[in-house]
Each structure stands twice: as structure tokens, then as C-alpha cells.
Amino acid sequence: MPVKKYLLKCLHRLQKGPGYTYKELLVWYCNNTNTHGPKRIICEGPKKKAMWFLLTLLFACLVCWQWGVFIQTYLSWEVSVSLSMGFKTMNFPAVTVCNSSPFQYSKVKHLLKDLYKLMEAVLDKILAPKSSHTNTTSTLNFTIWNHTPLVLIDERNPDHPVVLNLFGDSHNSSNPAPGSTCNAQGCKVAMRLCSANGTVCTFRNFTSATQAVTEWYILQATNIFSQVLPQDLVGMGYAPDRIILACLFGTEPCSHRNFTPIFYPDYGNCYIFNWGMTEKALPSANPGTEFGLKLILDIGQEDYVPFLASTAGARLMLHEQRTYPFIREEGIYAMAGTETSIGVLLDKLQGKGEPYSPCTMNGSDVAIQNLYSDYNTTYSIQACLHSCFQDHMIHNCSCGHYLYPLPAGEKYCNNRDFPDWAYCYLSLQMSVVQRETCLSMCKESCNDTQYKMTISMADWPSEASEDWILHVLSQERDQSSNITLSRKGIVKLNIYFQEFNYRTIEESPANNIVWLLSNLGGQFGFWMGGSVLCLIEFGEIIIDFIWITVIKLVASCKGLRRRRPQAPYTGPPPTVAELVEAHTNFGFQPDTTSCRPNAEVYPDQQTLPIPGTPPPNYDSLRLQPLDTMESDSEVEAI
């Protein structure tokens, strides 16, 4: 019950309102507010009132303008970048090493046999077109060639370039097509790409035949390797005990067993040291060469795949623990026959994230499915870009590219199942829209670690020590008394911290909420002499104004409803006799005849009779003497 009474009281208070008029509220506010200016408006003479009103209005506008500037600056989410230096014992970076050739030619020769013969015939046509004979191409398998052939574009007449088939019609007839040859100065090699039905064809031009041949060979090799099982591809690569000859971390010996294998399609079998997936990351005791990682690698250059790997050396990359190594984009080469020393400096990048920076903390707010999540690695923008491209490949070409992970239920592209995949892939790769779409959807990681490298090289081994070093390494790996290694196939690496000083580049908000409140309060106090309480007072008067306005509107609506006019009486006014009869007609019978002479019959008289209600008998109208009423009251009391 007390709660009900309290609620009813509150309801009545709301319905009643503040109890003031607009003018009374304004006068009360000007008399009681702590803001400078309003009190002078009502206390001074007419001229000063006008002057103080204009000054108060002007300064109020200045305060609102300054507030708008500060709020806009705060909502721009600007950041300030600070650089700090630190010194501490740091974890040694993860080191990924690969061979430039993804496979051993001796193990993939049976897969590339037809492609190798076709490639030799292509080079013969490019280098010596007039000396080539028909019988040299009669044994070639043109199944691969017909999907994506190389052509010659004769540009001796720039206004009318002529496209020539590199082999003419020699694989279909005994006579070559006329005019199907031209010299190297007048022709350029291009790749012809056609859709499945052959109605749409484009040409990918190159400035050099070397680029055209290499690109075409990699495209055809991708078609072949995409149809091989992953475990078979791993077996065709370089084994860890064949590529890693010696390992030393600080003063502790290590071997290929301390490396985690991973298959990278561009470089085959790669091996990661100190990845930190199953073991704790190794710290570096001190800066300097003696406390880093020393490796001797055998790249086996004599077993490289022709045309697929034109660079001899080791490919390596330094990265943070539990991150996927994107060696093709971020790796470096170490040349064979040299000792490469890599000094490392550490930079830590720490971003604020949304809304200050367009970065992500863990990739959970990125709309792209991370195809590298199966490796249990952290998010990176390269993983997002590759996943985005693979998603576009599947959507546009109905298959995935061999170089990137494949979503569940999808298949890799190949000429047998997807005849026009090369046309679709290269069109998508050259699409600016695709790149911009992926760049807009992917975000940089807010927290990143970058390793700045200083690289120096020297010949290794020297001529004086080459013989005994190669003998020892051959004995350790092959148990052979003869030299089984070559200087052209070995690489020595020294990776170490130059110093333990590290830099932290950190973002911080340039304008935080404390900055905003202090500036808002400073401007309000400077121009108006007010505080937060003054704003509360102003808010109170605004609420009262709204309250009064609502009550007035409600009352006005109710008054309109009450004053709504009723339908007017259409008949003539009744006479005195009719009124008397109405009061004495206790049966409420309608009149059938009129008492007036020359009475006219109105149609509404029968339908709208005057009610005959007798006057009420009120006890209060009974007049009695005062003493009689008092006696009656006494009797009732008794």
C-alpha cells in the first residue's frame, strides 16, 4: 500500500507539472544560476539588459563553437607514436630455411618428362626458328600445349601486329604454316589464354622470352603437381638430413631433429628452427656471433629441376614464434659457396586498434576465413590476403590454386577437371578490383615483431680449406672417403643478435577523454564562468520547459474534446404549454398533435421528442426552523 500511494502521488505530481509559467521559470533560472550573465539580464536597466543579453548570447555561441571543434577533434581518433628503447634478454627468432628448388629432379623426372621435351622444342623454336624441322615435334605430347600455348607476336608493323603459332600447324600436318617464323628482334613471345569454349582469348605479353618461358613452365608444372597427393610431394622434396649438414646454437649442438618440417608449395620441404609450437622458445644468452645460430646447408644444386628453379641458393626467413612463414613474400636468399652473416635488431610494433588504427588484435573481426588456421599460427595480413585470393579463385574459377591451402570440400585446379582454370587464374591475378577488395577486407596486425637484418657475405670455404672441409662434411653425411659435396652446393649461415637493445614503437591516443573534458570545462569556465553544475541547472530548466509544454498540449487536447459541438436541434423551439406537459407526462408518451393553430408538421418532431423528466425532490430544499434541526441532530446523536 505505501508503494501504491507513493506511485499515485508521483503520478499526480507529473500531471500537475512544475506549477510555474514559462516566464516564472526563466526569472527563477536567471536569479539562481551560477553562470555569469543571466542574472544581469533581469537586474539591470533596459539598456544594460539588452547589452548583457547580447554578450551572454555571443559567449554562449562561442562556447558551443569551441565545444564542436574539440568534440570533432576527439572523434577523429588521432594517435601519437612514441619510440622507446629497452634492454633485456630476448627470445631467439624462429628461422625457416628452404631450398630454392622445391623438388629433386631425380624424383619428379617421370612427371615432367613430356613437359621437359616440350620445353626444349619451345626453346629451339625461339632460338633457331628456321633450323627447326617437323620431325622434331612429331613425338611431342601437345595435350598440355593446347590448353595454354605460347605464341609469337610479330610487331614489325606496329599498326597491324600478327599473332603466330610457335609451332605453326606442324603437329597436325607435315608442312609448317607460311610466315610462322620471324627473328627475335621483330617478335615477342606471349602466352595465349582462352576460356573453356575458346570464344574469349587474351594474350599475356612479356618483355623477354625468358620471363615468358619461365612463367609458362611454372603454370604447367602447377597443373601437374596439383594432381599429386601431398604426402607424395613431401617425399619428392629434400629430406632434412640431406639439406642440414651441421647445426650449432650458441655452445649447444643441434641437428635436423630440432627443426619442424613444413611443406611450402613454392619451395617444397622447409624446416623451421625454434618455432615454439611444441617447445618453449629458446632465449639468446648474449649478442654476438658466438651466441647465435650457425648452419651449414647442402642445397644439392646438381639435382635442381630445370626451368622450375633458375636461382641457386637457400631461402630463409626470420619470424616470430607461432607465426606462419611466408617465405616467398618476406624471405631472403643466401648464395651458395658463401658464408652469410645476418645481424638482427628487434622492433616491436604496438597499435591501438579500432577506432584509432585500422588493425586487428587477433583477426576475429576480419570477414575472411583464415585458411592457415590449421597450422595453429597467429593472424597475419599475408595469411588474410592469400586466403582472400583463394576464396576468389574458388568463387570465380570453381577450384583452388595449388600454392594456397584448400578449404574443405574443394579441389585444386588442373587442366583435366577445369580446362580454363589458367585463363581464370591469370585474369584474377591481374585484376585490380580483386587486389583492392582483398586489401580493403584484410587488416594489419596491431601487435607485430619485425627483425631488421644486416647482411654480410664472404666466400666459403676458402681455397686453402676447401678440400678438408668438403672431405669432413662428405664423411659425416655419406660415410664416404671421397668428396660427395661441391662448393657450389653448400651454404653457411650465421644468425645472431647484434645487440640486446630493442625498440618499441607504440601508438597512444592523441586526445583521450580526460583531454576532452578538461578542454570543454576550460572553455565553458573562460567564456561563461560556469561549471558542470551550471549545465545541470540548465538541463533542469529545459526539462521543466518540456514538462510544462506537454501538460499544456494534453490539456488543450482534452479541452477540444469537451467543447466539441453537438448536433443542433432542427425543430422549432417548444412552447410553455409543451414544456409544462413534458414535466407532467409521466408516461413519456410522444405528442401526436400540435396545440398551436396553423401548426406545421415537422418530420423531426416524432423522432426527437422532448423528454418529460419531473424535477427532483431534494431534502435540502425542505426549510425547517433552526431549533427543529438541532433537536433532530441531538436525537440522532443519542
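Note that Cβ sites are derived from N, Cα and C of the backbone, with glycine treated the same way.
When ASN31, ASN141, ASN362 are compared with the annotations in Swiss-Prot, the one labelled N-linked glycosylation site turns out to be ASN141. Within the set CYS359, CYS384, CYS534, CYS557, the cysteine that Swiss-Prot bonds to CYS442 via a disulfide is CYS384. A disulfide bond in Swiss-Prot ties CYS359 to one cysteine from CYS270, CYS424, CYS438, CYS446, and that cysteine is CYS446. Checked against Swiss-Prot, the range among 179-183, 484-488, 559-563, 614-618 recorded as motif 'PY motif' is 614-618. Matching Swiss-Prot disulfide entries to the candidates CYS388, CYS397, CYS534 identifies the partner of CYS424 as CYS397.
The recorded disulfide partner of CYS270, taken from Swiss-Prot and restricted to CYS61, CYS64, CYS98, is CYS98. For CYS98 (disulfide bond) paired with CYS359 (disulfide bond), the C-alpha to C-alpha distance reads 31 Å. Ranking the recorded positions ASN141, CYS187, CYS194, CYS438, CYS446 by Cα distance from CYS413 (disulfide bond) puts CYS194 first. Restricting the disulfide-bonded residues CYS201, CYS247, CYS359, CYS397, CYS399 to those with a CA within 10 Å of the CA of CYS442 (disulfide bond) leaves CYS359, listed by sequence position.
Under a cutoff of 8 A between CB atoms, and with a sequence separation of 6+ in the same chain, the neighbours of CYS446 (disulfide bond) are GLN350, GLY351, LYS352, GLY353, SER357, CYS359, THR360, MET361. For the disulfide-bonded residues CYS254, CYS384, the greatest number of Cβ atoms within 10 Å around a candidate Cβ is found at CYS384. Taking a C-beta cut-off of under 8 Å and a sequence gap of six or more, CYS438 (disulfide bond) has these contacts in its own chain: ILE368, CYS384, LEU385, CYS388, PHE389, HIS392. DSSP classifies CYS438 (disulfide bond) as helix under the three-state reduction. Most Cβ neighbours within 10 Å, among the disulfide-bonded residues CYS194, CYS201: CYS194 holds that distinction in the structure as shown.
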